[in-house]
Amino acid sequence: MADPYQNNGGYGYQGESYPQEEDAASDATEGHDDEDQMYEGEYQGIPHPDEVKAAQRAARAKARQAQAGATELEELAEQYEDIMEDCGHGRFQWTLFIVLGLALMADGVECFVVGFVLPSAEKDMCLSNGEKGMLGLIVFLGMMVGAFIWGGMADKLGRRKCLIWALTVNCVFAFLSSFAQGYGFFLFFRLFSGIGIGGSVPIVYSYFSEFLQMDKRGEHLSWLCMFWMVGGIYASFTAWGIIPRYGWGFSMGTEFQFHGWRVFVLVCALPAITSLVGLMFMPESPRFLLENAKHDEAWMILKNVHDTNWRAKGQPEKVFQVTHIKAPKTNEDEFIEIQSATGTAIQRWAVRTLTLCKLVGPKMNVASLLGPELRLSTLFMAIIWFTMAFSYYGLGVWFPDMIKYLQQEEYESKVKVFHRERVERFHFNFSLENQIHREGEYINDKFINIEMKSVKFEDSLFEDCYFEDIKSTETMFENCTIRSTVFYNTDLYEEKFIDCKLENTTFLHNKRGCHLDIDEENDVLIYLVSFLGSLAVLPGNIISALFMEKIGRVKIIGLSMLISAGCTFFLFLSFSQAAIIAWQCLFCGVSVAAWNGIEVITVELFPASKRATAFGVLNALCKLAAILGSSIFASFVGVTKVVPILLSCAALVCGGLVALKLPETREKILQ
C-alpha cells in the first residue's frame, strides 16, 4: 500500500517515517515522558489510540486516492485534519479557549446589562413605559445586525481581524453609554454596543473550531459554551454588588449624574476588553488563510501551534514535518485582485471596499447559503435556531416578569385602607407606604421630610396643610379637594393630582429630575433568579460536553428540545415564586444541551468559506426570534399562562423533530 504521507498531490512530510502522534493521555499529564508509561489496554488486546488514529488517517488517504474527482477544497479539508492531529491539542488551544471564552462571556453579559440597569436608569432619565420597552429590545436589534454583518466579513477578511474590530466597537460604545445622560444618546450607544458584540458568537465558534481536530471538536466547543453561563453569573454578581449602592457614583449638580448603575455598565465591558487584549497575541485562523491562498503565513502559524503544544508536553525535539500544503485560490480573491491591480491607492481602496460590501451584503450572504448543496441544511438550521431562540428568550423574559407580577400581587394584598379618617393639627414625620386613604379629612396638618411609596388619596379633603421635602413613588391624589395648601420642595407635581380641585394652592421650588424619586432598588430576588438561571446551565453544559462525541449532535439537540418542551407543561402547576424559579432552573439546564449541539453542528455543516457567514445569518435569525419571543411572552404576564406555555412547547417540539432530520456530523471532517 502506498504511503499516505508522501506528497501525492497533497502535502509532504520530511523523511519517509510516519510522524509521531499526539499522546492519548489526559492534558493533565502534560510534561510526562510517554516512554515511561504503560498503555493500560496493551494486555487486553485493545489497540492504542495512536494506532486507531493512524488507521483512520490511512483510510482517509486511501479514500482520497480513490476519489479521482475530489476538489481542491476537499483535499485541503483532509490535509488540514491530518495536520491538526499532528499539532495535537494542548497549551495553544487552551490559551485560545480562554481568550475566545472571554469574548463569548462578553456576549452573555450584554444580554443582561439593560435588564439590570433599567429600574435605575428609568429614574435617571425619566423613561416612559414605551421607552423602557424600546431600550430592552434595542440590544437584541443591535446584536442581530452585528451578527449578520460580522459573520459575512469574517469569511472575507479573517476571523481574528473581524473579532478585534467587533470587540473594539462594543467596548467604545459601552464606555460612552455609561456617561450618556439623555435617553436618545444612551439608546444610540447601546445599539452600537450590541452591533459590536453581535459578532462574537459567529466568529468565536468558527475561529476556535478551526484549531481543533475532529475527535475533540464537539467536546471542546461545548466547554466553550460555558463562558456564556459565566457571563450571566458575572453580570448577576456585579449588578447586585454595584447597582443598589448609589455611593459608588458621583454627581455634578442636577445635570450630570453618575450613579451605581453606570459603574456597572463600565464593569460589564471588562470581559470584552480582556479578550481584546488577548487577541493581540493570537494568530489568524490558518484554515482561513489556506482558503484564501496564503500558504506561507498559514504554515508558520501551524508550526507555532505544533511547537507550542509539544514543548508544553515535554517533547520540544518533535519536529513539524509538513513541507507542503496545497492551497486553492478562490474566485472572489481573484476578482478583488483583478479590480485592484490598477489605478491610484485611493481608487484601489475604493474598489476593494465596494467589492467587499457586495460580497458581505444581505443578498450575497443569504444567496451563498441557498445553493443546491446547502439549501436543505440552511432551512433546517434556520427552523431550529428560530424555534429554540423564540422559546428560550421568550421564557427568559416571562420567568422574571411573572415573579415580579406575583410579588406585586402579594404587595397589593397587604395594602392598608383608611376610610373616612379625620386628622387635624397633626405632624406626619414618618413614611407612608402601600396605603389607600378614602374620603379622609386633613385639616391644618404638616407633612415634612417624609417618603410616600404607593400611597393613594381618594375623595379626600386637604385644608390649610403644609407639604415640605417630600419624596414619592407611585403616589397620587384622585378626585380630592385641596385648599390653602403649600407644597414646598416636593416632587408632587400637578400631574399627580387627577381630577382634583386646587383652591388657593401653591407649589414652590418643586424638585426636578426622576433620579430624585425614592431609590427603589432592584429586589435581591431578581438578581438571585438570574444567578440561579445561569448556574443551572452548568450540569447541562457538563453532560452535553462529555456526551457530545458519544451520543452525537443530532440526538442531543432533538432530545434536549423535546425534554425542554415537556418541562414547559409543568409551568401550569407553578403558582408560587419558588415553583417558577425551580422550573426556570430545570428549563435552562436542559435547554443548554440543545444550544451546545446547535452551535457545534452549525460549525460542522457549513464549509470554511461560508462558516462564519452561515453562523452570522442564523444567529441574526436567533436574535429576531428573541425580540419576537420576549415581546409576545411579556404581553401575557398577568393575563394568562396558557398562551406562553403552548407557544414555547409547540416551538420546541417543532424544532426538536426537525433536528432529528439533520445528518450526524461527529465523524465528519471540517469542510
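Numbering starts at 1 and runs along the chain as it is shown here.
Cβ atoms are placed via backbone N, Cα and C, with glycine included.
Pulled from TrEMBL, these are the features on record:
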type     : residues : note
DOMAIN   : 96-666   : domain 'Major facilitator superfamily (MFS) profile'
REGION   : 1-50     : region 'Disordered'
TRANSMEM : 94-121   : transmembrane segment
TRANSMEM : 133-150  : transmembrane segment
TRANSMEM : 162-180  : transmembrane segment
TRANSMEM : 186-208  : transmembrane segment
TRANSMEM : 220-243  : transmembrane segment
TRANSMEM : 263-282  : transmembrane segment
TRANSMEM : 379-399  : transmembrane segment
TRANSMEM : 525-547  : transmembrane segment
TRANSMEM : 554-575  : transmembrane segment
TRANSMEM : 581-603  : transmembrane segment
TRANSMEM : 615-636  : transmembrane segment
TRANSMEM : 642-660  : transmembrane segment
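Away from its own ends, the transmembrane segment (94-121) comes close to residues 27, 127, 132, 135-136, 138-139, 143, 163, 167, 170, 186, 190, 193-194, 197, 200-201, 203-204, 207-208, 211, 220, 223-232, 234-236, 239, 243, 259-261, 264-265, 268-269, 271-272, 274-275, 278-279, 282, 400, 520-522, 527, 530, 534 of its chain (Cβ-Cβ under 8 Å, at least six residues beyond either end). Through the fold, the transmembrane segment (162-180) approaches residues 103, 106, 110, 146, 150, 153-154, 186, 188-190, 192-193, 195-200, 203-204, 207, 258, 262-263, 265-266, 268-269, 272-273, 275-276, 279-280, 612 of its own chain, all at least 6 residues removed from its boundaries and within a Cβ separation under 8 Å.
This prediction places the mean pLDDT of the domain 'Major facilitator superfamily (MFS) profile' (96-666) at 84.
Under 8 Å from some Cβ of the transmembrane segment (615-636) lie the Cβ atoms of residues 136-137, 140-141, 143-145, 147-152, 154, 198-199, 201-203, 205-206, 365-366, 369, 381-382, 385-398, 401, 602-603, 606, 643-644, 647-648, all in the same chain and six or more residues away from its ends. Using a Cβ-Cβ cut-off under 8 Å and counting only residues 6 or more beyond its ends in the same chain, the transmembrane segment (220-243) has close neighbours at 89, 93, 97, 100-102, 104-109, 111-113, 116-117, 120, 204-205, 208-209, 212, 260-261, 263-264, 267-268, 271, 521-522, 524, 527-528, 530-531, 533-535, 537-538, 541, 544-545, 548, 592, 595-596, 599-600, 603. Highest Cβ contact count with the transmembrane segment (379-399) among the listed stretches 525-547, 554-575, 642-660 falls to 642-660 (criterion: pairs under 8 Å). At the 8 Å Cβ cutoff, the transmembrane segment (554-575) and the transmembrane segment (133-150) share fewer than 3 close pairs (sequence separation 6 or more) and do not count as touching.
Distant neighbours of the transmembrane segment (263-282): 95-96, 98-100, 102-103, 105-106, 109-110, 113, 116-117, 160, 163-164, 167-168, 170-171, 174-175, 177-178, 197, 231, 234-235, 238-239, 242-243, 248-249; these residues of the same chain sit at least 6 beyond its ends, with a Cβ under 8 Å from one of its Cβ atoms. Outside the transmembrane segment (133-150), and at least 6 residues removed from its termini, the chain residues within Cβ reach (under 8 Å) are 107, 110-111, 113-115, 118, 121, 127, 162-163, 165-166, 183, 186-187, 190-199, 201-203, 360, 362, 365, 393, 612, 615-617, 619-620, 622-624, 626-627, 630-631.
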